[in-house]
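These features come from Swiss-Prot:
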type     : residues : note
TRANSMEM : 5-25     : transmembrane segment
TRANSMEM : 29-49    : transmembrane segment
TRANSMEM : 57-77    : transmembrane segment
TRANSMEM : 106-126  : transmembrane segment
TRANSMEM : 140-160  : transmembrane segment
TRANSMEM : 178-198  : transmembrane segment
TRANSMEM : 224-244  : transmembrane segment
TRANSMEM : 265-285  : transmembrane segment
TRANSMEM : 302-322  : transmembrane segment
TRANSMEM : 343-363  : transmembrane segment
TRANSMEM : 385-405  : transmembrane segment
TRANSMEM : 425-445  : transmembrane segment
Amino acid sequence: MHSQIWVVSTLLISIVLIVLTIVKFKFHPFLALLLASFFVGTMMGMGPLDMVNAIESGIGGTLGFLAAVIGLGTILGKMMEVSGAAERIGLTLQRCRWLSADVIMVLVGLICGITLFVEVGVVLLIPLAFSIAKKTNTSLLKLAIPLCTALMAVHCVVPPHPAALYVANKLGADIGSVIVYGLLVGLMASLIGGPLFLKFLGQRLPFKPVPTEFADLKVRDEKTLPSLGATLFTVLLPIALMLVKTIAELNMARESGLYTLLEFIGNPITATFIAVFVAYYVLGIRQHMSMGTMLTHTENGFGSIANILLIIGAGGAFNAILKSSSLADTLAVILSNMHMHPILLAWLVALILHAAVGSATVAMMGATAIVAPMLPLYPDISPEIIAIAIGSGAIGCTIVTDSLFWLVKQYCGATLNETFKYYTTATFIASVIALAGTFLLSFII
């Protein structure tokens, strides 16, 4: 049995090792997490074969569920991208005269972000911000910051996004409930961290026109886009199916045939599988795409997920090593003796890791590995709430270590100081508001 000082030192050094190898030595996060796994196993006295077996089971156990959902979700996102469905949502919301332009960008980010990776969402939707900025003579910062903040929020707190799904799965949280709570918290955080924060700044927010190098980026011709009804149906279908499963679990007898059917179609794998074929028809065939074209788009989409799958698999390995080495159990006792509220702890760990590593996904996986062991000591706090707390922390502190920071800086034509001052602050405010929303939810449910 290792001393508590040894356990804490091992964990802290492993986190520093992850940060240094990623930030300083430019290791891929997959390699950094595996290196940290071997380090923890060695320091905790695990045998070589035990380490390998734990890493193997960690990767397999994690990707066994998530690989299919991430793959299917990628197809959905790709169909949204190539069909112009995301632009359709933005153009339709633009017609709502009672909504301000910055609030429209938040709603576009939240809805479209459900099926799009955050960086893809920024690249795909920023032309809409350019278009509105030109028409209304508005500072691009006032539109791009709410959009990117909303995309980041939904990326961190709403399954079936990979990191949010990973956290919910590892904590044993109900995915349908996490979706509902995540959308509520994400909307509140995005509105306050985006439009409200920028409104508070008023004239202090500098005017930023569309950069000349992006002046040619335009929204597609509206006549070529799918209908709003078809778009929303496709985007919301997998979420609706997963919510039906949650409702069935709360209200139906387990032995009924209907309950079994709803459990089946509401499973994230089945729900996204059904949604993919709906997307193929609604956003593909009805838009005059051939099956060959859709196959090409699907293959192109799969090429982009190898990175995220490897990172998530390595995160599962790190988690498995913490459990197998008994570090997790000792850590749970140490954390419980700190008398810090688990919601605050989950948020703080994810926030710090995101700032250090620059990846919300890695931050959420690391926070899950640290916080999960102590959950049995707090039976009154649901795993759904902790999942939202971890995601809320990962929203904040988008700084120079995060590629999204540079993407926003580039598209807005902002200086380094301006990006820190306005975008980093916006994400931090959104993160704090999301934390407050999580605490509020914990008192209600």
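Any Cβ shown, glycine's included, is placed from N, Cα and C.
302-322 is the stretch from 140-160, 224-244, 302-322, 343-363 with the greatest number of Cβ pairs below 8 Å to the transmembrane segment (29-49). Sequence-remote contacts of a segment are chain residues at least 6 beyond its ends whose Cβ falls under 8 Å from one of its Cβ atoms, and for the transmembrane segment (224-244) they are 73, 76, 79-80, 83-85, 87-89, 91-92, 111-112, 114-115, 159-160, 175-176, 179-180, 262, 265-266, 268, 270-272, 274-275, 278-279, 282-283, 286-287.
Panel annotation: around the transmembrane segment (265-285), residues 65, 68-69, 72-73, 75-76, 79-80, 83, 85, 159-160, 165, 175-176, 226, 230-231, 233-234, 237-239, 241-246, 248, 293-294 of the same chain, lying at least six beyond its termini, place a Cβ under 8 Å from a Cβ of the stretch.
Sequence-distant neighbours of the transmembrane segment (106-126) (same chain, 6+ residues past either end, Cβ-Cβ under 8 Å): 73, 76-77, 80-81, 86-87, 89-90, 93, 99, 144, 146-155, 158, 161, 183, 186-187, 190-191, 194-195, 214, 217, 232, 235-236, 239, 304, 308, 360, 403-404, 407-408, 411. Comparison of 57-77, 343-363, 385-405 by number of C-beta pairs under 8 angstroms to the transmembrane segment (302-322) places 57-77 first. Proximity of distant same-chain residues to the transmembrane segment (57-77), defined by a Cβ-Cβ separation under 8 Å and at least 6 residues beyond the stretch ends, is recorded for 37, 115-117, 120, 160-162, 165-166, 169-170, 234-235, 238, 268-269, 272-273, 275-276, 279, 298, 301-302, 304-305, 308-309, 312-321. Spatially, the transmembrane segment (5-25) is not adjacent to the transmembrane segment (425-445); fewer than three Cβ-Cβ distances between them are under 8 Å for residues at least 6 apart in sequence.
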